[in-house]
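**Q** Shown below is the structure under consideration.
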Ligand SMILES: *Cc1c(COP(=O)(O)O)cnc(C)c1O
């Protein structure tokens, strides 16, 4: 007797399959929520803006980050429209290159940087310093000096030492620096959960509960060469629960009202930070920006009305939700190895030509991704697979759990969507693997916006 093939496979992997991961009815189907707008499967092959991934791989090599620039621009517009009357700052740490920062600025966004390196990219992209924000808990004197000198639109102060340094620098330069005070609101949000209390124990900002935030704002108000624009908060990343933002917005608005009453000033701006979630897998269900904008506005307006103060101009700082969904990573499969575990369950290890050096998030944050066979469609049954890299490290996992066709083979191309944020920007040269290029597709044309690193680039720094 011969069991039905699919039935046998189901039995084998059921003990390993995470509960959220459904066995696909059609292993070739793209889940639209996980892909950028201009990606489709045509004739079995994945295409972006009408260009096949086979063509892209032949021309630019693998691995490569493939960037749907039209999708990114559309997302920028969706956020600026939803937050009309507020300022949307693109958090450049998610992904920082001249072309992307320029595109964000062209679509009406401001840009956040947190180091001299990110600032240098923004300046090289031709961005107006007045439309930049500078963050960070330990900005160097040189970074602060450069920011004040350039007239960076807002510098977010993160410690009492920094307030003193900023005042001294602004005085020396004969300027007045625009400053926001970063408030640690005691809300910690991470993915699907948030905790509203007892999370002051981290390095960023001035504690609200402990009174430091109040004192910091007071000192900035009284500093002769500093102008306090307002308060700033940022509560975490990949957040889906609006209640976390609501608690944070309510707390920071209350502090603002108190400061205005006590100090006789009006703070014209309020920055609610970033961290809005995106969809990596079917587990994630991000809120449309319009809904998010409506609930943030409602809570700030409610708190302001209660306190009898004017509603400040809001700003937000999305990074991941703008750039993350706009890229996928294209890899070539090198080896395929079925590994049989105890109880007869088996997992297909699919090794690709990149790994932890181009996507550290799976190893670092236990992040989940999805993957698809990109260079062809397949009629084979789905096999529970794990996409791993080429590094000397067993934690070198790109996609921990995914169903791929059981006939996946060396030479096939695999695409991993949702890799626009914190993959290239956190990339490394571990094992002396040069970092992949970023290929942007716009209006059906591909161009390299970040070149592939070469072994010569790596050797250039090795002085022997
Ligand atoms: C990281 C960061 C952001 C962006 O976070 P995302 O999760 O990418 O949206 C925004 N503001 C500040 C201060 C940050 O540190």
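Every residue, even glycine, has its Cβ placed from backbone N, Cα and C.
Annotated domain 'Orn/DAP/Arg decarboxylase 2 N-terminal' per TrEMBL: 70-323, in sequence order. If you look up TrEMBL, you'll see 93 marked as N6-(pyridoxal phosphate)lysine. The pyridoxal 5'-phosphate binding site annotation in TrEMBL covers 275, 317, 318, 319, 320, 422. TrEMBL lists 320, 361, 365, 393, 422 with the feature substrate binding site. Annotation source TrEMBL lists active site, proton donor at 392.
Surface or core, plus neighbours and distances: that's what I need for these features.
**A** In the three-state DSSP classification, residue 93 (N6-(pyridoxal phosphate)lysine) falls within a helix.
The Cβ neighbour count for residue 319 (pyridoxal 5'-phosphate binding site), using a 10 Å radius over every protein chain in view, is 25.
Sequence-distant neighbours of residue 365 (substrate binding site): no residue of the same chain at least 6 apart has a C-beta under 8 Å from its C-beta. DSSP assigns residue 365 (substrate binding site) to a helix in the three-state reduction.
The DSSP secondary structure for residue 392 (active site, proton donor) is coil.
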**Q** With respect to ligand 1, which members of the binding-site residues 275, 317, 318, 361, 365, 422 satisfy a Cβ distance under 6 angstroms to one of its atoms?
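**A** Listed by sequence, the hits are 275, 317, 318.
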**Q** Could you state the CA-to-CA distance between residue 275 (pyridoxal 5'-phosphate binding site) and residue 93 (N6-(pyridoxal phosphate)lysine) to the nearest Å?
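**A** Cα-Cα, rounded: 12 Å.
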**Q** What residues, ordered by sequence, lie under 8 A Cβ-to-Cβ from residue 392 (active site, proton donor) and sit at least six positions away in the same chain?
**A** 431
**Q** Can you tell which of the binding-site residues (275, 318) has the fewest other C-beta atoms within 10 angstroms of its C-beta?
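**A** Ranked by other Cβ atoms within 10 Å, the binding-site residues 275, 318 bottom out at 275.
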**Q** Is it possible to get the count of other C-beta atoms within 10 angstroms of the C-beta of residue 317 (pyridoxal 5'-phosphate binding site)?
**A** 27
**Q** Within 10 angstroms of the C-beta of residue 93 (N6-(pyridoxal phosphate)lysine), what count of other C-beta atoms is obtained when all protein chains are considered?
**A** 21
